[in-house]
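Feature annotations, courtesy of Swiss-Prot:
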type     : residues                                                     : note
ACT_SITE : Glu126                                                       : active site, proton donor
BINDING  : Cys12, Cys96, Cys197                                         : [4Fe-4S] cluster binding site
BINDING  : His41, His74, His124, Thr167, Ser225, Ser226, Asn227, Ser269 : (2E)-4-hydroxy-3-methylbut-2-enyl diphosphate binding site
BINDING  : His41, His74, His124, Ser225, Ser226, Asn227, Ser269         : dimethylallyl diphosphate binding site
BINDING  : His41, His74, His124, Ser225, Ser226, Asn227, Ser269         : isopentenyl diphosphate binding site
Amino acid sequence: MEIILANPRGFCAGVHRAISIVDRALDIFTPPIYVRHEVVHNQYVVDDLRARGAVFVEELDEVPENSIVIFSAHGVAQSVRAEAKRRDLKIFDATCPLVTKVHMEVTRASRRGQECILIGHQGHPEVVGTMGQYDNPQGGIYLIESPEDIKKLEVKNPNSLCFSSQTTLSVDDTANIIKALREKFPKIDGPRKDDICYATQNRQDAVKALAERSDLVLVVGSTNSSNSNRLQEKASCVGVNAYLIDSEKDIKTEWLENVKVVGVTAGASAPEVLVKEVIARLKKLGGTVVTENLGVEENIIFEVPAELRIKQID
């Protein structure tokens with residue numbers, strides 16, 4: 001049984017930055033360090049940081065006064081920032097810069113009084129944070145998840161309207177929604193550059209190429225990871241069996257029956273150590289040759305805050 005690895009896979013620049021912020025804060029300051037929401041959607045990463053002294057909370061009222069708190073990679077609403085400032089909490093912001101770009105789009109629309117449509121998944125923390133950038137009662141912000149939502153959408157002024165997107169959606173699905181938006185609202189403004197992040201696009205392209213060569217695809221990632229779920233969907237659309245797994249322990253031997261080629265990829269929040277463990281398990285189950293697809297080289301780096309760029313000397 002051949003094992004093929006997708007390329008690129010795993011951590012993106014935004015995830016690297018977010019984890020590094022928590023990691024360095026734990027090294028520099030005395031724990032506990034509070035993190036609002038899971039810093040990234042991966043159980044392995046969260047458990048590792050928790051063991052080192054990170055305390056994950058959902059709301060700031062769980063954080064003691066004068067504590068250090070880190071905002072997750074998904075971003076937060078303006079009301080959360082205001083509360084943190086009011087309570088004199090020391091903040092480190094791990095919001096992905098590409099999410100911040102979408103926040104700025106929505107903020108500009110709010111200041112102009114232009115209504116905004118956000119394409120995203122209800123309840124996802126990135127969506128909650130992005131919706132929370134809009135605060136102009138003269139306008140409005142609306143969440144849509146599918147072309148069907150657009151049919152029943154009513155806005156105040158279709159001539160002053162823009163749209164933005166959650167960064168981790170399927171590129172193809174977003175294209176269909178945008179097409180429907182432009183058909184209903186011909187004057188709608190869109191971002192100058194697609195909101196779907198480079199890493200999401202690259203990993204979706206890579207998993208499609210992987211699925212075309214595979215009899216089975218395993219996507220390493222947690223079930224609450226939007227981008228990991230999209231990878232599993234993309235592989236399935238090619239016509240192969242595809243499963244989302246948290247770790248090698250989730251692999252079922254019956255999946256491998258009559259499989260000659262198994263493809264492996266990982267969501268943007270899944271560490272490479274989990275991929276290596278999956279490969280090791282597959283080898284025990286009959287895997288032999290391990291190869292890696294050619295893919296896009298990613299060399300983007302997002303810097304951590306200046307206060308955390310301190311070299312530790314033992």
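Positions of Cβ are set from backbone N, Cα and C atoms, glycine also.
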- Note down the number of other Cβ atoms within 10 Å of the Cβ of Ser226 ((2E)-4-hydroxy-3-methylbut-2-enyl diphosphate binding site), including every protein chain shown. 24
- Using Cα coordinates, what distance in whole Å links Ser269 ((2E)-4-hydroxy-3-methylbut-2-enyl diphosphate binding site) and Cys12 ([4Fe-4S] cluster binding site)? 7
- May I ask you to report the DSSP-based helix, strand or coil state of Asn227 ((2E)-4-hydroxy-3-methylbut-2-enyl diphosphate binding site)? helix
- Which chain-mates of Ser225 ((2E)-4-hydroxy-3-methylbut-2-enyl diphosphate binding site) that are at least 6 residues away have a CB under 8 A from its CB, listed by sequence? His41, Asn42, Gly267, Ala268, Ser269, Ala270
- Looking only at C-alpha atoms, tell me how far Thr167 ((2E)-4-hydroxy-3-methylbut-2-enyl diphosphate binding site) is from the residue listed as 'active site, proton donor', rounded to the nearest Å. 8
- Message: Let me check the 10 A CB neighbour count of Cys96 ([4Fe-4S] cluster binding site). How many other CB atoms are there?
- Response: 26
- Query: Which has the fewest other CB atoms in a 10 Å radius around its CB: His41, His74, His124, the listed binding-site residues?
  - Reply: His124
- Message: For a quick check of understanding: given the listed dimethylallyl diphosphate-binding residues His41, His74, His124, Ser225, Ser226, Asn227, Ser269, what is the maximum Cα-Cα distance in angstrom, as an integer?
- Response: 15
- Task: Take the C-alpha atoms of Ser226 ((2E)-4-hydroxy-3-methylbut-2-enyl diphosphate binding site) and Cys96 ([4Fe-4S] cluster binding site) and report the distance between them in angstrom, rounded.
- Result: 15
- Name the secondary structure element type, per DSSP in three states, that contains Glu126 (active site, proton donor). helix
- Surrounding the recorded dimethylallyl diphosphate site, with Cβ no more than 8 Å from the Cβ centroid of His41, His74, His124, Ser225, Ser226, Asn227, Ser269 and those residues left out, we find Val40, Glu126, Thr168, Asn224, Ser228, Gly267, Ala268
- Excluding Cys12, Cys96, Cys197 themselves, the [4Fe-4S] cluster site's Cβ centre has within 8 Å the residues Ala13, Gly14, Val15, Ala73, Pro97, Leu98, Val99, Thr167, Thr168, Tyr198, Ala199, Thr200, Ala268
- Query: Using DSSP, would you call Ser269 ((2E)-4-hydroxy-3-methylbut-2-enyl diphosphate binding site) helix, strand or coil?
  - Reply: coil
